[in-house]
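Below: one structure, written as structure tokens.
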Amino acid sequence: MTATQTGGTLRVPARTTAGTSSAARGWRRYRPATFYGFIAPWLAGFVLLTLFPLGYALWLSTTNYDGMTGRYRYVGLDNYTAIASDPDALHALARTGLYTLGTVPLSIAFGLLLAVLLNQQIRARGAFRALIYLPAVVPIVGSALCFKMLFNADFGAVNAVIGLVGIPPVDWLSDPGVFVVLVAVTLWGVGASMIISLSGLQGIPRELQEAARVDGAGAWQVFSKITLPLLSPIILFQVITGIIGSVQGFVAPLLLTASSGTASVTSVPQSTYLYMIHVYAQYFAYGRFGYASALLWVLFVLILLLTVVIFRVSARAVFYENAPDTPTRRRRTRETPEVTR
Amino acid sequence: MGATLTRRRLLAGAAGAAAAAALGGCGTDDPNTLVVMGNNPAEVTDQDVAEFVHAHPGVTVKFVAVDQSLLTAMFAAGNPPDLVRDQGVNNTPYLVARDLAENLDPYFARSTALSVDKLAPANDVWRYDGSRQGSGPRYGLVKDYSQDAMFWCNTTVFDAAGVDLPSTTEPIDYDEWLDLARRLTKRNGAQYRTYGLVPPFDNSLSAGFINMVSSAGGSIFSEDFSTVDFSSPEAAAALRWYLTYAADQVGSTVARPLPAGSSPTFSADQLAMLGYGYWFSGLVSADDTLAKDVMFFPAPRFGPKRTSPCLAGTGFWIPKRAKHKDLAWAFCEHYFGGPPATRRAQSGWGLPGITSLLSDLPSDKPYQRQALGVQKTELDHFSVLDFSPYVAYTALDASLSQQLRKGIEAGLPAGKVADLINDTLNPLLKLGKELVS
């Protein structure tokens, strides 16, 4: 099959069956099996690691199961109504919302700023890119423990530095200072956002920016009118994945807590007691498997709703160079095999 | 894979694979494989295992990590381990009420390696008669134990502060203990040079509180263990003591745990008094400098009654639904009554669960002799704490930790904190009672 280009249109010859060999016809019989064979590993993983746990958690959320006792019973929606009267759950949810509102825009903005800087023709650009991306490769366990040492009240470097200018030592790892440390740990991984934005920047055709400059646009206008709109799908992707990651924040607050073991989950200071910490505490410290599963389902539905809302709201703000397929467009493409450049 | 593989069959196959994997768990049907949820090689050494395997040719011992979520999953899959490491003090009534643990009395009756009369009284923490802990059938054994409300002093910190050491024969009371801590704490705002005290709450907050309340002659539980009352005079006094201790900022609290942990801080001469039991002697033996600077003391008294319980009683139990219970018991005979028990006693990491092994405890160094002397006297005051069968001790600890933290941060009075704890725990106890009744 070959394509010919005439003007701005790429013409693809329609497929014919006239010359199809019997071997190809024979192979076609196996196409469904081949398809399912290739997707089977993903499908098994999806069923095993996503669908089954989701269904299991939904079922658990309607019981009073405590994790060990076989004699549990159906309680209907009691666990869901209990959430509304659980101040710890509501506070944790609100706190998680604040944490998300604070860290997601900051991460994306810093990442974009760094990406723009590292997209310039500067000396040792590769080295800078690698250095800034490096913290994102370090596991969160490593970076959180490093921050814990840096912010240690008794022998941490941060108190030593602020002590030089006469500021009294601060107990960073307790309330309310620990929230600052958590935000710092989160932003430390800004290299991940930077690398995504950088790849987006490199995909923007230079001729568009150059044309704007020729038309008299300044640097800010080029960035705000050309670069940013073309980068908007990448930013949308980061917003959605960032929100999902933030509302599931768990490891960093736990690691910043001084104690260890199951009890540590309830020693997490109030200002970093995020929603998932509360869920974990309900599961494994309190043994309320039914209630904790209800908490998880509420979070799952909230994330779904939030994602839908963001997609709807962003529909006007996000610019797609190649608009997503619409049913009309798909139908036309099938009937007329040509792609407009 | 042929052309007959349809979407429906594929989905059904995937669902089947998921169900099989979910129900498979980690246990095994192999009659020669013993699945142990334990710490290997830290607590069950490779030598312990090798000796057992040598005596039982063809047997394999498979370890799985000690993890509550894994244990839950294995039970849910109907495939529990054959032996589970656990704390008898806080868990026995909970396990027995849920019919999870095997009654070991018939195994003792036919055993030649382990007999009840050889067991140290601390093994009673693994007994439960359906209403009280400490009597009735045995459901587990302690690998070693300590009277964990006792404490260690770092004499270097005492000398530096010019403070006299407490008596090694008569227990001080909790208020005197707090006063000592105040005099030993040296800090500049949030930055500490030395901490005064870490009370015996590191292992379990609830066990520490139950001990204090018991010393004052009360109980946090109602007679039938179906409710808690932290507003009772004895429990409120214990809460008040903790809140005062936290307000005085003399040591580790739930709101401000020691940044480096208790043992390292004590070893670094930055903590004066550490509420750990005899087992800490094993850790000290590895540090010659620290060994010259430590002394061991009797458990402080909170009320008129002198109590010195074990707050953990770590050992093993056999799940009722385990597949290889006889093999698990054979391992128990070896581990609790054979050479591994002797080696553990000789290491000093806790008192032996077999009384005759007391003579194997180390006494070469001066600190070991001092600690052993105090410990032997303390044995007369051993007692078993009461826990409720209706709630896991992790929930007790979690509630105490969360509500005390709120109390400390908001400066709440003990009565308000007691109400918060009662409001969190009583619904859980009600649910637990409903589940096991």
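Glycine too: its Cβ is placed from the backbone N, Cα and C atoms.
What TrEMBL records for this protein:
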type     : residues  : note
TRANSMEM : A:35-59   : transmembrane segment
DOMAIN   : A:93-310  : domain 'ABC transmembrane type-1'
TRANSMEM : A:98-118  : transmembrane segment
TRANSMEM : A:130-151 : transmembrane segment
TRANSMEM : A:178-201 : transmembrane segment
TRANSMEM : A:222-244 : transmembrane segment
TRANSMEM : A:289-311 : transmembrane segment
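With pairs at least 6 apart in sequence, the transmembrane segment (A:35-59) and the transmembrane segment (A:289-311) have 3 or more Cβ pairs within the 8 Å limit; the two touch. The stretch with the most CB contacts under 8 Å to the transmembrane segment (A:98-118), chosen from A:35-59, A:178-201, A:222-244, is A:178-201. Remote same-chain partners of the transmembrane segment (A:35-59), defined as residues 6 or more beyond its termini with a Cβ less than 8 Å from a stretch Cβ, comprise 293, 296-297, 300.
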